[in-house]
């Protein structure tokens, strides 16, 4: 990044990545509020196959925010390295969790807050140790990579598993298991990222004056991207309509990041030139994110009460409570005018004086 221009470009990419996380995290809230308004009106819910959300302006506002966020994320790749932009998507988890607890009254307990912090820390570790991509500078080189047998097998597995989730697992477990619809979004999303990268190369060649519009690969990638995004939107709406936003967003991030890492490793051969410490750092960062998501998802309905503390902490808490009560009792005694014994003594002295006065 040597040079003022490279440094300025780096900060532009960082700002775009942060803005992308803010817009994408806010888009989940707007979409959820739109779906809740439709539910109060008695309209057909998205989780039951309805598409009444297309008539709700809040849902369209959420879609617009997501589009702006994705566009900012797409532009960030042109200025900053992908190893910085991709892990920063975890910040959308924090934005969505905070906004959902504020505007949707969804409770975020202590476990959820710790999970969000762990997700961000894991993302920071992945930023430091994530692998670098092989540079692809033309559509011809992109086409060669798309013809790789490993990527073809990966794409076929993604399509087959997505179809099984949609038509087999969805009708039986889609209403009770959050992973069904989120897995569909994540798997298809890995292919959409590949399409976005290919279209980014095509746009660069178009701006440089090359006849990209005559190349069929660019149009194929555009059609595939539209299909993938449509599938993602549909099943993400179903997941948001059924489950809490603070649960859907982080799980979607973890699964989506996993799928993108696998796709990029196969398509761009990222992991071939990594040293051992970067491999360990990348895996550790990702496992830290998964641990945070586990805390957020598993204990989301468990209230944090003193009974959940370990026994030695409960005993210390009880001793502290006893000490405070004794201190309060001592303080209240100091404010009393007389102690009971002193009151009785003074009363008997007064009676003796009255008796002596009567005898005289």
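For all residues, glycine too, the Cβ spot is worked out from N, Cα and C.
The transmembrane segment annotation in TrEMBL covers 9-30 (among others).
According to TrEMBL, the feature transmembrane segment maps to 57-77 (among others). Residues 13-14, 16-17, 19-24, 26-35, 37, 85, 89, 92, 196-197, 200, 233 of the same chain, all 6+ positions outside the transmembrane segment (57-77), place their C-beta atoms under 8 angstroms from a C-beta of that stretch.
Using a Cβ-Cβ cut-off under 8 Å and counting only residues 6 or more beyond its ends in the same chain, the transmembrane segment (84-104) has close neighbours at 13-14, 17-18, 20-22, 24-26, 28-29, 32-33, 36, 69, 73, 76-77, 112, 116, 119-120, 122-124, 126-127, 130, 244-246, 249-250, 253, 256-257, 260, 285, 289, 296. The transmembrane segment annotation in TrEMBL covers 84-104 (among others).
Positions annotated as transmembrane segment by TrEMBL: 110-130 (among others).
Sequence annotations record features per position, and here TrEMBL assigns transmembrane segment to 151-172 (among others). Beyond the ends of the transmembrane segment (151-172), by six or more residues, the same chain brings 145, 180-181, 183-184, 187-188, 190-191, 231, 235, 259, 262-263, 266-267 to within a C-beta distance below 8 angstroms of the stretch.
Taken from TrEMBL, the feature transmembrane segment applies to 178-196 (among others).
Look at TrEMBL and you will find 217-235 (among others) tagged as transmembrane segment.
Remote same-chain partners of the transmembrane segment (247-267), defined as residues 6 or more beyond its termini with a Cβ less than 8 Å from a stretch Cβ, comprise 25, 28, 86-87, 89-90, 92-93, 96-97, 115-116, 119, 131, 133, 145-146, 148, 150-151, 154, 158, 178-179, 182-183, 185-187, 189-191, 193-194, 236, 239-240, 286, 289-290, 292-293, 296-297, 300. Under the heading transmembrane segment, TrEMBL lists 247-267 (among others).
Taken from TrEMBL, the feature transmembrane segment covers 279-299 (among others).
Residues or ranges marked as region 'Disordered' in TrEMBL: 330-360.
For 349-360, the entry in TrEMBL reads compositional bias 'Acidic residues'.
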